[in-house]
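Accompanying notes for the structure given below.
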């Protein structure tokens, strides 16, 4: 094996490890706000199913009611599935991103537009590829996070844990139930990851220069701006996919992503597609932390700098 091939394998392993570790730490820290986001986002579906007594008036109301009814530890409900899911997801995203970017072979000297498009394509392809491996865990995390205690059902939960989600879903809907909402997820992940990686890689050499070069704070803020923009653009797709996830095990289901989108807009209004978006913007701080921690950890531990 040539020295270049060995170096590529080493870089791949570094990308896999650093991306996964950074993601696991960041997602655990952001678990409370992420659960609030999922509860607010799916509250209309939860009310239909009788698992929520009344709508949340906002982020603060959701925090207060959840803490009072379920306890503080409940904010980490579904976090185990999220960490299990997020570790390989982010690790594969970061690892495949650089691999796929090499396949495009575009250099900045060949033209900024082509180079920027290559970054978008590599980031999007990496995200979509990773999704194939971990979608069922994303489904389970959503069902656990949206499984609130309801007085209408005597305070009982629908699921007792990660394994229970799999058992009940497979029993009622089969393997297809674990992949409900997959197609809008693929579209959403391409949009989100494409912007997430592509814009960061493209804007970093333009913004993080001079005194800002190597600055963790500057890298973090740039990452936050990028993740906020990317997540807001793709948020309606995220709402559609999660609402489709919520129908597994239910008698009434949507006939695809378009049908789901139409029914949400018709019965709840366009604004419903963005419910929980405010909490999602706060949650994106974790995403910014991941991408900046990824850079910093590689520079500290391995002396690797991106160009």
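Numbering starts at 1 and runs along the chain as displayed.
Cβ atoms are placed via backbone N, Cα and C, with glycine included.
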Of 182-203, 248-269, the range Swiss-Prot labels transmembrane segment: 182-203
Segment assigned the feature transmembrane segment in Swiss-Prot (from 55-79, 80-104): 80-104
Annotated stretch (transmembrane segment, per Swiss-Prot) among the listed ranges 12-39, 152-179: 12-39
Which listed span Swiss-Prot calls motif 'Nucleotide carrier signature motif', if the choices are 235-240, 241-246, 271-276: 241-246
Residues that sit under 8 angstroms from residue 241 (ADP binding site) by C-beta distance, when 6+ apart in the chain: 181, 182, 184, 185, 188, 257
Whole-number Å value of the largest CA-CA distance among 85, 97, 241, listed as ADP-binding: 24
Dominant neighbour of the transmembrane segment (182-203) in 12-39, 112-132, 217-237, by Cβ pairs under 8 Å: 112-132
Residue among binding-site residues 85, 97 with least C-beta crowding, 10 angstrom cut-off: 85
Tally of residues which DSSP labels helix, strand or coil - the region 'Important for transport activity' (241-246): 5 helix, 0 strand, 1 coil
